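S.K.: Just lifted these from TrEMBL, have a look:
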TRANSMEM  B:6-32  transmembrane segment
TRANSMEM  B:39-66  transmembrane segment
TRANSMEM  B:72-91  transmembrane segment
TRANSMEM  B:103-125  transmembrane segment
TRANSMEM  B:153-172  transmembrane segment
TRANSMEM  B:200-219  transmembrane segment
TRANSMEM  B:239-262  transmembrane segment
TRANSMEM  B:269-289  transmembrane segment
């Protein structure tokens, strides 16, 4: 130990440490008091699924501009700070920490797909700002109590809801048309396999006569599906379920069209209803069955049409499934900020969001609910419809009662040990 | 493993015809890309790790030309010519500077080209997927052959690929220019001593390799979605084809591409969970039994 004139004493050390901590904390304190509320958004802005991030970002920008024009919250306006995670979970976690610690973001809108969403979820466990997951459809994120984070919510459709709705719809059609022989064609990764298994589980629950005669698993982002299509020609199923999505689904449809596959096989798709997919397919066969992803004509409400027009004015294309989820997330956050008069502490906003109901053009009935028990959205459209070759591309939406979805979800949670 | 189903398919005319045609369809596009890769390696002695970029550029050039003109023929020409011209520019300004240098240096230049081109495509065409759409003339129902079905567009694609392969083979083996190119591959100093501009020839050969990749991209554009970075997956499969066929051998690339196509087509029937693995297993087998590839030249 030094006893020299310049030696730092214990009190000096403690004082210096306190001063240093105050300086380091200053940006966050300053951020909390700033007029602008910075909202961070980790999302995928590059690569093959960039449209997930770009349409999410546009939806948030559109929502924020409307809220700011309306006067903001307690004199404060909203500003979006987005970061590209490139679809990598490690990068998603890193940019989320940066957004909170370095960019002074007081709220996180997590625009990651499922893999990144779980990474962001764990960051928010450590840094408890309000986080709303807007694009992860994996049910366990909010259904598994072990993963529960007090300040994290999900404003997105989720797999189990879609599986029940799909099972109810598909079994109704299969009974009507006698579709017994089924085949599946889904991407070979966790989402594709889980989604397909859940769909089949509920479809067979409601129609035990359904028999799965074959399953093919093309790899994610495969450029060519010819071998899978010609296999379907050999197997000759009466119906096919596919969890392919995005550009993969577009390629699969165009290549299937060459073989005239779908006039002879009834297709049930989880993702065909997304407007960018529908518009990218040059020859959309009529009568294909698809889950609702987004459609400006459903729910048939003026607020929905206004959202579609406003979004399309900015993005130059129709809203995606991710777009409406992010727009609705902003509506929930806006309502929470209104109730806290612009206060952004994670706990305060979370307390407001629990069980919150908002009127929305995207609600099946009048209101969308952020369910208190597991912090997840319910009441959104889960209908299935049939394709038509021209806009609006999907019509005859058949809604599935939410009471039925919730009943089956409760049973599913018990089976999984979540309830 | 569904060996019973596979045996049933092989012995049923309709299934056999459909799966063989599937194999040829998958294989012929791969052949076009891999033959360009082989040509460049065979003559210039460099592995063009950026070859997938020219496949992507060919597809995007074709897409743009089709959007503007509505002509599929012009789209094909634009895809091939655009990729070829950019290939020449790439060779002259970048690749020519790393000939004979360390492999890592070549890899670095190619990787930089991949990143830059992917970003440029994103800036110009956007990050979301595009589809060119099927020309009206190919919208007819698939042709029935012995109970199997082959789409008209795929018949056209097969004919194009085989035609290009034949022209390439004749050009290299039966013309004076082909003789010079073959000589260039063996002894460039001697060719230069004869007063032939070897730099120009190198650029032309590199450009021709890129024309082949661009043509494959343009032919794929009506049936495959276009995204920045789409060249990567086709590049990996093309390397497998090149390794199986023999580095630098164009007939080898043809044989290997058809083998890979048939492996995928019949693998989907008999080994549905191991179709991709079969490709790599085939490559491993060839590397063990014949390290220089099926039709590659053995080195001492």
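Each residue, glycine too, has its Cβ placed from N, Cα and C.
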S.K.: Under 8 angstroms, Cβ to Cβ: which one of B:103-125, B:153-172, B:239-262 has the largest number of such pairs with the transmembrane segment (B:6-32)?
M.R.: B:239-262
S.K.: Mind pulling out the one from B:39-66, B:72-91, B:200-219, B:239-262, B:269-289 with the most Cβ pairs under 8 angstroms to the transmembrane segment (B:103-125)?
M.R.: B:39-66
S.K.: Honestly, do the transmembrane segment (B:39-66) and the transmembrane segment (B:239-262) touch, with at least three Cβ pairs under 8 Å and pairs 6 or more apart in sequence?
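M.R.: Result for the transmembrane segment (B:39-66) with the transmembrane segment (B:239-262) is yes.
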S.K.: Under a criterion of three or more Cβ pairs within a distance under 8 Å and sequence separation of at least 6, are the transmembrane segment (B:72-91) and the transmembrane segment (B:200-219) in contact?
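M.R.: These two segments touch.
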S.K.: Need a quick answer: max count of Cβ pairs under 8 Å to the transmembrane segment (B:200-219), which of B:153-172, B:239-262, B:269-289 is it?
M.R.: B:153-172
S.K.: Could you give the residue numbers and ranges of same-chain residues that sit at least 6 residues beyond the transmembrane segment (B:153-172) on either side and whose C-beta is under 8 angstroms from one of its C-beta atoms?
M.R.: 21, 24-25, 28-29, 31-32, 35, 39, 134, 138, 143, 178, 181-182, 212, 215, 219, 222-223, 250-251, 254
S.K.: How about long-range neighbours of the transmembrane segment (B:239-262): same chain, 6 or more residues beyond its ends, C-beta under 8 Å?
M.R.: 19-20, 22-28, 30-31, 34-35, 37-39, 41-42, 165, 168-169, 172, 185, 279-280, 282-283, 286-287, 292-297
